[in-house]
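Working notes for the structure below.
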Amino acid sequence: MESAALSRIGLAGLAVMGQNLALNIADKGFPISVYNRTVSKVDETVARATEEGGLPLTGHHSPRDFVLSLSRPRSIIILVKAGPPVDQTIAALSRFLEPGDAIIDGGNEWYEHTERRISEASSQGLLYLGMGVSGGEEGARRGPSLMPGGSRQAFDNVADILSKVAAQVDDGPCVTYVGPGGSGNFVKMVHNGIEYGDMQLISEAYDVLRTIGGLSNQDLADIFDEWNRGELESFLIEITADIFKVKEEHGDGELVDKILDKTGMKGTGKWTVQQAAELSVAAPTIAASLDCRYLSGLKEEREAASGVLEQAGINNEALKASVGAVDKKRLIDDVRQALYASKICSYAQGMNLLRAKSQEKGWNLNLGELARIWKGGCIIRARFLDRIKQAYERNGSLPNLIVDPEFAREMVQRQGAWRRVVGLAIGAGISTPGMCASLSYFDTYRRSRLPANLVQAQRDLFGAHTYERIDRPGSFHTEWTKLARQCKAGLGVHN
Ligand SMILES: *[C@@H]1O[C@H](CO)[C@@H](O)[C@H](O)[C@H]1NC(C)=O
Ligand SMILES: *[C@@H]1O[C@H](CO)[C@@H](O)[C@H](O)[C@H]1NC(C)=O
């Protein structure tokens, strides 16, 4: 099976993403070898390459033939399920690899696994990259956003290929060397956490417009189409408009109304929230979106609870009526602004999580550059990422996106609408956990004095944890209970 000409790069793992990425690479003119343990997958990919006009792709049925078909130093992308399958694939291939060759894992891997594999690979003289790939099937085939981290040399060896294969935007290809260690996987994980937040916020906008505004799916399709021509322009808003248009094939109405309200997940959102907690970074919007997925999973419990609380006296219609008549046009405009402001807070949380991890690990992540490579190809691609990039370019040590002068002005312009939407939803009994979390995040972050003084007093009272004062340095402890008794006794005298 060995052909005389050697391939520039190899790809192992030919499920949908792997096949599409391999075809994309071949399509850009880079000869590629592909391999999968399941021979039919190899043949399928070769057939697709032939159908697409004879792309330079060769299939191999054994790990040895596959590895030996590559020019040196070799670079092999593996796209298999995260976890043990990655270790198995590495084991199968590395027997034939030689020092200087590189393995590039394109899966949604936990970053610590990548760090372990980097050191295992280096003990054999091999280079290793953990590369986040976003964009789904279509992105893999037409141009994904790529987030490679690990060996700089491994990146340099394939930088020309990745630059051509990635999505292209006005300021370059959607790929950059993210940083050392497991940083590529970590950045992809946070990307997915942000994606959870975006999807949650969009679903809340939908809920408010539908439930309080009484809008039809046709109205919603038009509104999302319109939003997609403005500051909210993004992949997720665009596909949401399309979803509202699809008719139900077995009856009247649209398919979206027939879908069971239970959200699935694969784990990267949960990791994001776990990491936020580990790093003591507040990420309430992303956490709210995760919590909402958990609660959505309790469909039967929720149906039972709905019955119990109706019996106990909750009346959905009365709650909805309690907010009075709404001006539809105004509601639509308010929801658009609430969605935008909530989104800024969610991205601020994700970016701060990246910065905290970068500081802990010494990754030296460039937040503006990461916002740039998310502008195309990936699921969270959006016009507004260019503004985030600019904010970090203006000020690399910006502590929070909210205090970038431009974003600060936008948040303030939108806060009236934002508060109206959240207030209306609360009044009507419609849960908007993501928008509420974002607004609370904003209000907590921007207030120079919080009720944390009282919490400190409580901690000092029951645990002698001490407190600091606003008017003099040092740490203090007070015999609160004893003093309170004395004061009470004093009060008694006055009575
Ligand atoms: C090959 O294909 C199978 C089934 O699609 C998959 O489970 C496996 O992980 C793939 N990868 C490799 C490297 O064999
Ligand atoms: C960056 O932002 C911080 C916080 O707002 C500010 O203190 C600092 O002066 C800014 N730096 C520049 C170069 O604008």
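Placement of Cβ uses the backbone N, Cα and C atoms for every residue, glycine included.
TrEMBL does not curate its annotations; it predicts them automatically.
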Annotated companion of S134, G135, G136, H191, N192, Y196, K266, R293, R459, H465 at the substrate site, TrEMBL, chosen from N108, N228, N316: N108
Candidates near ligand 1 among the recorded positions G13, A15, T38, K188, judged by a Cβ under 6 angstroms: G13, A15, T38
Between A15 (NADP(+) binding site) and G135 (substrate binding site), the C-alpha gap once rounded to whole angstrom: 15
DSSP-derived structure type at G135 (substrate binding site), helix or strand or else coil: coil
Neighbourhood of G13 (NADP(+) binding site), C-beta criterion under 8 angstroms, separation at least six: N36, I78, L79, V80, T89
Cα-Cα distance linking G135 (substrate binding site) and M17 (NADP(+) binding site), given in Å to the nearest integer: 10
Rounded distance in angstrom between the Cα atoms of G135 (substrate binding site) and N108 (NADP(+) binding site): 12
Cα distance (Å, whole number) from K188 (active site, proton acceptor) to E195 (active site, proton donor): 10
